[in-house]
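Novice: Structure incoming, see below.
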């Protein structure tokens, strides 16, 4: 039967198995005579066909190629069986179950599942096998024979399939490609396991809880946490005496070995250990995908798709294994007696389990060494970094602590004491954690050498595996053997090339089932899944902070070690990450690779570009909770929040009371009043002090009442002018200079005549209430002119002279002119200079409810006057010439009213008395009207009534108004003074074709007045009335006067713009 099995397994079993079967068919059958010997290796065969088939193993010849796929075979029978895999033909059916097979040998192997026959028994350890290929492979574990060497490296293997898989390392061949993401693998089993990432299949379910797993090894390791029966491969022989004492329990042997390291060694010398058993290498076979899992391990019930996979699977002693005579002696050996190596089987602890999974992150490994290397990434090696809160145990790894704490959870749930050693899988001897002689901590290089044995000779960097060192050496040599065919970019490993090629294909094969995001790479996909689950399996051994991947943990460790391995070659500055170094090098190179698509600005970082792009849009994700302003950056918001609190007031540290009670420093800013009337000039760029009227809604008082005012800064932004609160109070403005005290005197060339002078209006600025100027009419009437006083020592004084337009009655009004003379010394006379609007530093906004209407009052007499400049020279009482100059002012500040001079003129002494009376006010105000902020000329009558006139500049006259004769210098523009409502304009039809004029209403004289000698008599009180031109006194009643405009040219255009 063994010959048939060997012959039928010539292609599927390893070549050495067939050869060995012909050479040594098994202990139950005698070996046939060997007639044909191989000249290469000396092996002998009974048939020439076997020798020919064997020689193709040395030459690598595979003459039989499949027409449907690239596979080739050494024998025709292997090709025949392989083609049945394409056609689906399975002519051999099991009589006990519905399964069918493509070759008779597979059926015979399958029949052993039903019969349970184990015909091949090992003479050294007594293990029994169902198949000869497993038996031959097992014999090589005892002999250490590896007859299949690699021609490219010194490695050797126990069967040809393992050698073929190893050859892929040198050739880079990955024949099994995923149809979804294009990732390729060297073995079909790896491809099937990978495809579960896309399908979400988790076929291995725990019978004790609803958890599912993608690998059976993960399930087996998980079942140990439930306290189930010991999994295959766990300790079955009697442990050493030290381990039989009650102690800590671990899930797998790797945790125990790592836990034993901090313990001090026992005082007596340890007995010599038995010879180390030969542990088979674990590899996954490249089986055909159409074959079902017909090969099942009797120890762990794990199924395999081919005999080679089952052969490579670690043999597990099953419950149906026959008792071995050498299994256990009648009496357990003593502690000082070494166990007999031959009669006993190899120590089971040395045989790894089918798979080892990392508890924190779920990764699985085929060997204990692989799991041990991986677990160093979860915690600090050496030292007791993790301590159990339920007992005094401490562990160097987080995984060990998690496995240990599961024991306490099970004990609490069952209400029983901790499990004893005989019920445990792996037992730790209970020794004191702190030995009598404290063990000094290992040097910093010791853990690295223990955990990372492969060290680079160039830079001293260490690695866990030889492949990591090999890839690292390519950084020093610059070797990039894997080149992209699309763009020519080269990489040091094939996996990096496969990842890079997705940039050209755009394939995003990994899709999140919760949010629908797709990813190109599995690592990004796994990291994204942890964002949903909140899982952070990688914990820092120093501070306990956890991370989602190992790279973040490695970068974080630089914080504790202070390591900055990446140094700049230009300035020597070092960095913890290569990305920071690349960004820093742009400072030296001037590279700014990130360009804004909306403007020519460039940036060195993509984050700066994203922040800049918010300035082009209305996006302001960071909003102030106090005033509602938005900002593009959180730093800008934090800086803005400081403006709401006074700089010298510390933030409140008391707990806020229940309810909407803001902190004390921000009480005034958090609770604005119910209504605010704030009007800001749109062109002003200055510090504004806004007085805000309080409403009904008031903030709760938490301290001294804050002033109901706030200083703002008006700033021009892309969205327009914005008010920004300023915590810096503006300096107190200096007090205004004392206004000059002026009086209008008739010139020395005054004509003869009697009569009393009429008292005209007075001009008053906003700064001086109750101050005034006396206007004396001359022979030519009243006019407006700017002149400089000849008697004044100072220069640049701006004066106002009134002159009549038309001739009037003989008397003081017909004097040639009047002169504005200061009452104080000339240095004290100040000139009012109006600055441009952008130089105004403080603006006091008036309430919007100010009166803006014009009330026209009737008068008894009408005198027509027109405002115009006067050219030429004027004479004064001293006889000196007064040179006229272009006026720079519209308003003249005057002194107090009590210092006004009154009395008869030089030629009027004794003719009558002049009465002081109440003079009229003239001032400018900035008022809020329906049309916005406007400058208004306010005329106050003798009886306290006010008339407001608006001032504006125009290029052309409106209909119905005629331009006066140009008497001033060239370049004059038009200034319109109109009533504040300005709802109607006077046209020629309303006035009979005349021109709009300004009239003075002069009442009859009230009697003589006394005054200083040498001064003319003061005129009587007058009122200003706006009437249409051409209308005589008494022709039109004052109540029916419409709103009109007065046109006057002024040479100083910039003065108009200040209002």
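Start at 1 and count along the chain as shown; that gives each residue its number.
Glycine too: its Cβ is placed from the backbone N, Cα and C atoms.
Remember, it's a predicted structure, so these values are computed and weren't measured experimentally.
Annotated phosphothreonine per Swiss-Prot: 199, 589, in sequence order, evidence recorded as a large-scale study or a structure entry. Look at Swiss-Prot and you will find 226-247, 260-280, 312-351, 644-674 tagged as region 'Disordered'. As annotated by Swiss-Prot, repeat '1' applies to 818-831, with the evidence given as similarity to another entry. The repeat '2' feature in Swiss-Prot is assigned to 832-842. Among the features that Swiss-Prot reports, repeat '3' is placed at 843-853. Annotation comment: Swiss-Prot describes 854-864 as repeat '4', evidence class similarity to another entry. Sequence annotations record features per position, and here Swiss-Prot assigns zinc finger to 36-58, 64-86, 120-142, 148-170, 204-226, 356-378, 386-408, 510-532, 538-560, 566-588, 594-616, 622-644 (among others).
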Novice: Which sequence-distant residues neighbour the zinc finger (594-616)? Criterion: at least 6 residues beyond either end, Cβ under 8 Å.
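Specialist: Distal contacts: 583, 586-587, 632-633, 718.
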Novice: How big is the gap, in Å, between the Cα of residue 589 (phosphothreonine) and that of residue 199 (phosphothreonine), rounded to a whole number?
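Specialist: Answer for this pair: 48 Å between alpha carbons.
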Novice: Which number gives the other C-beta atoms within 10 angstroms of the C-beta of residue 589 (phosphothreonine), all protein chains shown included?
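Specialist: Counting Cβ neighbours of residue 589 (phosphothreonine) within 10 Å gives 9.
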Novice: How many other Cβ atoms are found within 10 Å of the Cβ atom of residue 199 (phosphothreonine), counting all protein chains shown?
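Specialist: The Cβ of residue 199 (phosphothreonine) has 8 Cβ neighbours within 10 Å.
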Novice: By DSSP assignment, list the helix, strand and coil residue numbers for the zinc finger (36-58), in that order.
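Specialist: Per DSSP, the residues of the zinc finger (36-58) fall into 11 helix, 4 strand, 8 coil.
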Novice: Near the zinc finger (510-532), which residues from the same chain, at least 6 beyond its ends, have a CB less than 8 A from one of its CBs?
Specialist: 181, 183, 197-198, 200, 499, 502-503, 548-549
Novice: Count the residues of the zinc finger (120-142) that DSSP assigns to helix (H, G, I), to strand (E, B) and to coil, and report the three numbers in that order.
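Specialist: With helix first, then strand, then coil, the zinc finger (120-142) has 11 helix, 4 strand, 8 coil.
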